[in-house]
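Feature annotations, reproduced from TrEMBL:
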- A:46-193: domain 'Casparian strip membrane protein' (DOMAIN)
- A:53-73: transmembrane segment (TRANSMEM)
- A:93-119: transmembrane segment (TRANSMEM)
- A:131-158: transmembrane segment (TRANSMEM)
- A:184-206: transmembrane segment (TRANSMEM)
Amino acid sequence: MKSTSGDSTTINISESRNKTVAKGETPYVRIQAAHPMHDQKGGWKKGISIFDFILRLGATAAALGAAIAMGSSEQTLPFFTQFFQFQASYDDLPTFMFFVIGMGIVGAYLVLSLPFSIVTIVRPHAVAPRLLLLIFDTLALTLNTSCAASAAAIVYLAHNGNSDANWLAICQQFGDFCQQSSGAVVSAFVAVVIFVILILLSASALRKV
Amino acid sequence: MKAGGAVDATDKEASKPIPIPKVRVSRVLSVLDFTLRVVAALGTLASAIAMGTSRETLPFTAQFVRFRARYKDLPTLTFFVIANSIVCVYLVLSLPLSFVHIIWTAAKNSRIVLIISDTVMMGLLTAGASAAAAIVYLAHYGNSSTNWFAFCRQFNSFCERISGSLIGSFVAITVLVLLIIMSSVAISRR
């Protein structure tokens, strides 16, 4: 009979011969043998978990930076003309509001996922935390990409305008506002790339080999 | 104390419930994966075609408004059509690999390749669909702060066409998210 628990394998040997052992008692001999797979691959999974944690810190900085940069973008022109507004802020465009709220949610999720990442470092072979992180990372990736792409479409419009729809390029007037919102969009896309790498790491570390 | 440990073992195992065989759950997941991939391919194809054939010409001419609207007039909608076409082609090409997973449920590395490519394609599709959604929102409501005019007032059927074509794309995004999650669950079960 062989039972496997954790890292050791116990082999029970029952004595068939009658020795000085009392009747009904069976001596057990425990042979401690480390599970060969765990020793070899534990370090590899732990390395992935540490890299995952570092990347997660980077993604948190990128996501929160994007939200703050867009949220604090506001510019008031010192002059005003007949046809153009002289003040631009992120809440003038609903897409930018969606961007700020969405990146805030993604940043908050990343902060909350840091403990789970630490758990995967401490216990490299546990499947549940990694699977949970992968599922929520996928959802967060979707939200992040959605916010970043829609804000990018508006920023593109602000830079170039559209002659067919008679949409003017507001970047000509609001240079600082444009720069800050463009930088926020770039930071959000950096977070998207980091999320894709995080998902790949979690998927490759989920294998039982 | 019983003589011999073997008797203890069989008693314990007899009282445990019989688990569902791992192969059956993996096979169900693989079949579901294949079906959802077909659904997503159809969704992206429908979106690309609906947006690509959107065209409206107004019967009259107004002073400041163009009288013809096509998807090519807005670069973001062009990006939407291109992204949907790429993802549709990718999904059709990944159908054989998904079919192989139904037969060979023990595959590990090919599932990881599928997760990687699914994630990248999902990012591309979400980017295209969200950017197009932002433009369609502007087309419906305009923006008073930036003096951007809502052209849906003039181009009704064009507007309806581009709004409806977003639906297939967003359905495909949801399906891709489900595919990634299912593939990762299938990997973790082996």
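Positions of Cβ are set from backbone N, Cα and C atoms, glycine also.
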Spatial neighbours of the transmembrane segment (A:53-73) far in sequence, C-beta under 8 Å, 6+ residues away:
89-90, 96, 99-100, 103-104, 106-107, 110-111, 113-114, 117-118, 121, 144, 148, 151, 176-177, 180-181, 183-185, 187-188, 190-191, 194-195, 197-198, 201
Cβ contacts under 8 Å made by the transmembrane segment (A:93-119) with residues that lie 6+ beyond its boundaries:
49, 52-53, 56-57, 59-60, 63-64, 66-67, 70-71, 126, 129, 132-133, 136-137, 140, 143-144, 146-148, 150-151, 153-154, 181, 184-185, 188, 191
For the domain 'Casparian strip membrane protein' (A:46-193), DSSP counts of helix, strand and coil?
113 helix, 8 strand, 27 coil
